[in-house]
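If you check Swiss-Prot, you get these features:
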TRANSMEM  15-35  transmembrane segment
TRANSMEM  333-353  transmembrane segment
TRANSMEM  360-380  transmembrane segment
TRANSMEM  387-407  transmembrane segment
TRANSMEM  431-451  transmembrane segment
TRANSMEM  463-483  transmembrane segment
TRANSMEM  528-548  transmembrane segment
TRANSMEM  853-873  transmembrane segment
TRANSMEM  897-917  transmembrane segment
TRANSMEM  953-973  transmembrane segment
TRANSMEM  984-1004  transmembrane segment
Amino acid sequence: MRFFALFIYRPVATILIAAAITLCGILGFRLLPVAPLPQVDFPVIMVSASLPGASPETMASSVATPLERSLGRIAGVNEMTSSSSLGSTRIILEFNFDRDINGAARDVQAAINAAQSLLPGGMPSRPTYRKANPSDAPIMILTLTSESWSQGKLYDFASTQLAQTIAQIDGVGDVDVGGSSLPAVRVGLNPQALFNQGVSLDEVREAIDSANVRRPQGAIEDSVHRWQIQTNDELKTAAEYQPLIIHYNNGAAVRLGDVASVTDSVQDVRNAGMTNAKPAILLMIRKLPEANIIQTVDGIRAKLPELRAMIPAAIDLQIAQDRSPTIRASLQEVEETLAISVALVILVVFLFLRSGRATLIPAVAVPVSLIGTFAAMYLCGFSLNNLSLMALTIATGFVVDDAIVVLENIARHLEAGMKPLQAALQGTREVGFTVISMSLSLVAVFLPLLLMGGLPGRLLREFAVTLSVAIGISLVVSLTLTPMMCGWMLKSSKPRTQPRKRGVGRLLVALQQGYGTSLKWVLNHTRLVGVVFLGTVALNIWLYIAIPKTFFPEQDTGVLMGGIQADQSISFQAMRGKLQDFMKIIRDDPAVNNVTGFTGGSRVNSGMMFITLKPRGERKETAQQIIDRLRVKQAKEPGARLFLMAVQDIRVGGRQANASYQYTLLSDSLAALREWEPKIRKALSALPQLADVNSDQQDNGAEMNLIYDRDTMSRLGIDVQAANSLLNNAFGQRQISTIYQPMNQYKVVMEVDPRYSQDISALEKMFVINRDGKAIPLSYFAQWRPANAPLSVNHQGLSAASTIAFNLPTGTSLSQATEAINRTMTQLGVPSTVRGSFSGTAQVFQQTMNSQLILIVAAIATVYIVLGILYESYVHPLTILSTLPSAGVGALLALELFNAPFSLIALIGIMLLIGIVKKNAIMMVDFALEAQRSGGLTPEQAIFQACLLRFRPIMMTTLAALFGALPLVLSGGDGSELRQPLGITIVGGLVMSQLLTLYTTPVVYLFFDRLRLRFSRKNSKPVVEI
């Protein structure tokens, strides 16, 4: 009592404490970073290696495997996957959450160094690594276009200057430049001219390499001067290479220009990039795993004026895609929802109290509690994101509850004629324990969330802590500021009922009287209520099993990603045409604002597209509806498919897939994997629960298999190395020399001129110079026949892997899709040599599904323990927790009604309901126990009186929580996909709980009281009088 009096009788100190909390919160708010969601990115490092011209199988066995064995020894690696394609290997390392990305990078570099001696010779550079997840959508895409500059020159400027500058910005993890390649001098050989002159391809290569050298020449000095020796030992342009003498034929010089076309071109001509309908160079910027997306984008935008100043006038630099506007719009929507919730909650209080002064008290308590929370969020390193702001929106109904309970009890004493300060002290003392019980038991709900591991635990931690801090501050405010304001602002009055006979007061009296009448009937028919209670428990179990489930609500971020997959034997020219066709289809859609794309590189039959949709206010359809519409349009394109998916703020795993969810097949036998993957993919494609089924296993590429006759080769004086060198020189875009420039290094690339390699007959024109100097045609010692070969080889760990990706059709949940896949795998009878498991987001969903019930049970158990300690009773916590089944039924029925699957957001709503609905029972039980102890009432009389006395605060707190969550249900615009499931769950649970617990709680109270008396009689011993 003295504790409460300290704040009631010292108003200045109390006001200053509240002001200090508010000021700290305002300062914290201004310093908090902004993000779409809490930081949940796994630390990911990508290792890249290249060996131009090497087949995917060669890259997998000679490059990927040695690196994997070395990298696999690093501590904290959660998953390691690799993909090897023509001349390229990429290994993705995903680390545990607690692994520091910089420390992991040092270990990766050490592992690369350890594997260096096992890697094949001829690699143009050592393997490199980047601290970025290649499967993440870029946070920003910049495009460079020009009417006068070539694509190679644009690419050179972008990679040499722009990418380097952008990479230095805080938060940037990787700047991937696409659309072309670095400039190079390309030597296109004429096989017939070489044969006529008797010049081998190796001779050409060696001549070029010998003519372009960069070696130190030293210096000459005398007693006075010193001269640095410099020679013209370097050739830098095509014009300088053309007159190069490569051979003498009967004393006549054979120059390079006589047997080849030499041009200033690019290293890899099989690359193309576009923005809308124009050729472009793309700078795809990804953030570091731990970086804040908004701060990183702001840093890039701040750098743009400097970048534009250094760009020549002939180049146009534009932002093709920016993730930040939709994130900011989403947060603005949440902030508006928060403001509406606060207004609605205060309106509810005013309607019940019908007094401006009385309403002002909780109207002050709410902002003080919410604003003060920002300070704690800043100290915890949190951000302003959708989940933390949603926590504050929901907290609006919670933080006002404590103030309402205290205010309502003080007002009751004032209405009885007690003096204000005395009423404030007496009223606070009476409900102080109740308020503490309500708040501590509510915070206890979130303790299991704080201990939850993995991605869900990281994702929900900020929500739980933010809400717990708001409740804690609210508890302090309700026991200090609220009674002080009541004591000094409210006035006592003589007992009268007139105010209750007007407007809302009259309705409340009528409701209370009707409730009293119905409660009497219920207390006389307790068995029927017991049956209803047990029915709600059973209905909970059935609804939870039956309701569709998913991991996280599908968001409309305004950005789509598209993966193009064409026939495996397609040429680059045809693939470029497919890219243009698909971009036109997308560009013509009225909901699309911008589209960029690229193709080429090591995977000729694939391409990527990034689509920016118009803002939500300018289009009627959701992102998924637009995808459904575009899926129909692009299905008419022959020889290729475009797989579209909406970019999400959460994406798990490092696999680059053409759909949102993945199912991975593993086997130690590559043959078994290649046999069963098509069967499984075909069966999954037929499932109505899946859409856009595709696979990264591409083992049907066109190959020309050359078979050497080794005996003939030996007789002709030719070895296998010379024959393989011939093929590499002719068709491998072989980088044979380096040109050193001040800003970068460029390559001299040699191959047969594309004019002479249009079909397989080009092999007939190839020849090898044997040991006797004679030109021996390739057809003399080799035969060739067409065959199929893989375009890529994939590993997970050290096992061969194939990932089947899929999207969800409209109206299908992830749980329905995973159940259908598991059922199909069982029906197919897949052998044990092929193992299947979900990966990425689908894998996390499976893990979350297994822990959801455990989490709910743990929350209930924690609340029981806290209540048991507070009440020093095993029984009363059970009475309070009996409110939960009705809330669960209401929440699940509401989700079914709105066709919303049970997601991680809905789980948060269930956890919140555990904390909300028990408040009604706490208020009933507290007053009933007090009435039994001090008033000498029977349990039936005590619980009946408690229900009637607490009817008004129960209605106030429930309606405050309901109206606080209602804006989440009704909200639209950006980010509404996250807010609505939470609001639906809470509103549905509150409505059902309010209808049932006003009757079931008294019945359960009496049941346990009778049970207690029965056990106490059994355990009591007769007293013997002496």
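Placed from the backbone N, Cα and C atoms, the Cβ positions cover glycine too.
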In terms of Cβ proximity under 8 Å, which residues at least six beyond the ends of the transmembrane segment (360-380) contact it?
18, 21-22, 24-29, 31-32, 338, 342, 345-346, 349, 388, 392, 395-396, 399-400, 402-404, 407, 462, 465-466, 469-470, 473-474, 477-478, 481-482, 485-486, 489
Quick test of the contact rule: Cβ under 8 Å, at least six residues beyond the ends. What residues does that give for the transmembrane segment (333-353)?
359, 362-363, 366-367, 370, 386, 389-390, 392-393, 396-397, 400, 404, 407-408, 411, 504, 508, 952, 955-956, 959-960, 963-968, 971-976, 979
Counting a contact as 3 or more Cβ pairs under 8 Å, with residues at least 6 apart in sequence, do the transmembrane segment (463-483) and the transmembrane segment (953-973) touch?
no
Do the transmembrane segment (897-917) and the transmembrane segment (528-548) come close, with at least three CB pairs under 8 A (pairs 6 or more apart in sequence)?
yes
Any contact, the transmembrane segment (387-407) to the transmembrane segment (953-973), with at least 3 Cβ pairs under 8 A:
yes
Which residues of the chain, 6 or more past the ends of the transmembrane segment (528-548), have a CB below 8 A from one of its CBs?
522, 812-813, 815-816, 882, 885-886, 888-889, 892-893, 895-896, 901-902, 996, 999-1000, 1003-1004, 1007
Can you work out whether the transmembrane segment (953-973) touches the transmembrane segment (984-1004), with the criterion being 3+ CB pairs under 8 Å where the paired residues are 6 or more apart along the chain?
yes
